[in-house]
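Visitor: Here it is, the structure, as structure tokens.
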Amino acid sequence: LSQSLFALFASSLAISLVFAIIPLCHNVVVLAVVLAVAGLAMGCIDTISNMQLVKIYQKDSAIFLQALHFFVGFGALLSPLIADPFLSDTNCILSNSTANASSNLPHIRKSLVPHHPGNLSHYDLPMKGMVVTRVSYAFWIMALINVSAAAGAVRAVAGDIAASWLCWGGGAASSAAPRPPLLSADELAMEARPAEKDDLSTTVQKPHGAGGHDDLFSCCQSKNFRGASYTYFAVHITGALVLFMTDGIVGEYSGFVYSYAVEEPLSVVHKVAGYLPSLFWGFITLGRLISIPVSYRMKPATMVFINVVGVLITFLLLLIFSYSVVFLFVGTASLGLFLSSTFPSMLAYTEDILQYKGCATTVLVTGAGIGEMVLQLLVGSIIHDRGSYSFLVCGMIFGGLAFTFYTFLLFFHRMYPKPSSGMDDASPDKPAVTDDTGQYQR
């Protein structure tokens with residue numbers, strides 16, 4: 001846990017530095033390197049935060065994962081609002097031709113429909129002069145926000161160290177006089193008693209740091225895969241493929257719904273079409289907020305089934321009513337709701353199958369990230385070649401594939417061997433044993 005908290009602190013600090021440096025980058029190569037560092041740090045935060053919630057809360061992790069991803073969606077919704085006041089409505093460089101360039105901006109925006117650029121050679125834009133944009137302030141505000149997140153990680157590290165010190169003893173005071181236990185004898189007995197219907201013989205806690213799961217990179221050790229059945233790997237792969245498709249849909253829909261709306265046959269006004277991505281992310285955030293109490297009552301497997309079926313039906317209706325602007329807005333909101341809880345629910349479901357070791361989280365987060373990157377590139381190239389209607393066709397295909405992979409996941413879940421107490425500790429199929437992870441936090 002200490003390693004993970006330190007990694008979260010370092011990643012948050014790296015993002016703050018990146019946002020502070022971005023306005024100072026005057027070379028596209030330097031900017032690309034800086035953004036790559038930011039992507040690496042964000043990937044670390046995404047993986048570690050999900051993995052630690054799963055390992056600490058285990059059976060209760062579904063609720064906390066929904067809460068975590070609610071704040072992910074809330075940040076995606078809030079960040080553009082922070083930047084909006086600092087965006088310029090006119091040209092960002094003052095020169096003699098600024099007036100003409102400013103009057104050309106609406107025509108340029110109309111010509112720069114994504115993937116179908118018009119002829120812009122007759123528009124003159126000033127490249128030299130005094131820079132008057134204030135967008136740098138938006139980056140610096142976001143940098144300060146991430147500094148506060150890094151400070152939170154520091155406080156968590158300090159709390160972890162203090163809790164470990166209290167739990168395992170230390171300091172001069174411990175040798176001078178005996179301290180009373182943190183819990184009463186009855187409470188300690190309740191903490192030490194194994195869970196109901198648990199016939200495991202190993203209920204004695206291991207020393208802190210002795211367990212393999214305390215290592216941040218324990219999932220990568222080859223000894224953990226010895227004796228694993230094929231269903232162990234199949235659960236990882238099918239779960240990652242479901243998130244590859246669903247997170248890919250999130251990326252491609254939020255990225256191209258504007259382009260789809262402004263083109264034929266809908267021809268939505270540009271300003272109105274600009275509300276579609278905000279509507280999509282708004283309902284993703286709302287759906288994750290609703291999913292927090294729902295996940296307390298409903299199993300993760302059921303939630304994922306509802307999500308993938310809802311996505312498939314929504315794309316089917318969007319295809320049927322492809323000439324309706326009203327239904328495009330309704331479908332966008334519906335799609336955001338169904339996609340909102342897919343990631344945390346799939347994470348909780350897969351880790352429940354695999355006994356909450358946290359290893360599946362790394363595979364699933366990686367699969368989701370790759371899908372969000374690859375499907376956007378794929379859909380962009382298809383829209384360029386086939387037209388805007390292929391946008392909905394691609395979504396329908398991805399939704400169908402997500403449902404298919406989820407069906408395979410259910411099949412492999414039924415085939416997966418049930419945990420038994422006789423399995424070797426190094427086996428990936430061994431049952432979950434309550435170790436010291438998070439126990440000292442009580």
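Note: Cβ is positioned from N, Cα and C throughout, glycine not excepted.
Whatever TrEMBL says is automated annotation, not expert-curated.
Pulled from TrEMBL, these are the listed features:
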{"type": "TRANSMEM", "residues": "30-49", "note": "transmembrane segment"}
{"type": "TRANSMEM", "residues": "61-82", "note": "transmembrane segment"}
{"type": "TRANSMEM", "residues": "137-158", "note": "transmembrane segment"}
{"type": "TRANSMEM", "residues": "230-250", "note": "transmembrane segment"}
{"type": "TRANSMEM", "residues": "272-290", "note": "transmembrane segment"}
{"type": "TRANSMEM", "residues": "302-321", "note": "transmembrane segment"}
{"type": "TRANSMEM", "residues": "327-349", "note": "transmembrane segment"}
{"type": "TRANSMEM", "residues": "361-383", "note": "transmembrane segment"}
{"type": "TRANSMEM", "residues": "389-412", "note": "transmembrane segment"}
{"type": "REGION", "residues": "420-442", "note": "region 'Disordered'"}
Visitor: If we skip the immediate neighbours and take only residues 6+ beyond the ends of the transmembrane segment (389-412), which ones have a Cβ under 8 Å from one of its Cβ atoms?
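Guide: Beyond its ends, the transmembrane segment (389-412) has Cβ neighbours at 231, 234-235, 238-239, 241-242, 245-246, 248-249, 252-253, 256-257, 259-260, 301, 304-305, 308-309, 311-312, 314-316, 318-319, 322, 350, 375, 378-379, 382-383.
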Visitor: At a C-beta cut-off of under 8 Å, are there same-chain residues at least 6 beyond the transmembrane segment (361-383) that contact it? List them, or none.
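Guide: Sequence-remote neighbours of the transmembrane segment (361-383) are 43, 46-47, 50-51, 54, 114-115, 219, 236-237, 239-241, 243-252, 255-256, 259-260, 343, 346-347, 350-351, 390-391, 394, 398.
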Visitor: Can you see whether the transmembrane segment (272-290) and the transmembrane segment (30-49) are touching - at least 3 CB pairs under 8 angstroms, only pairs 6 or more apart in sequence?
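Guide: No, these stretches are not in contact.
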Visitor: Can you work out which residues elsewhere in the same chain, 6+ from the ends of the transmembrane segment (61-82), have a Cβ less than 8 Å from its Cβ atoms?
Guide: 49-50, 53-54, 138, 141-142, 278, 281-282, 284-285, 288-289, 291-292, 295-296, 300, 340-341, 343-345, 347-348, 351, 356
Visitor: State the residues, same chain only, that lie 6 or more residues beyond the ends of the transmembrane segment (230-250) and have a CB under 8 A from a CB inside it; answer 'none' if no residue qualifies.
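Guide: Contacts with the transmembrane segment (230-250): 284, 304, 307-308, 311, 335, 339, 342-343, 346, 349-350, 353-354, 360, 363-364, 366-372, 374-376, 395, 398-399, 401-402, 405-406, 408-409, 412-413, 415-417, 428-429.
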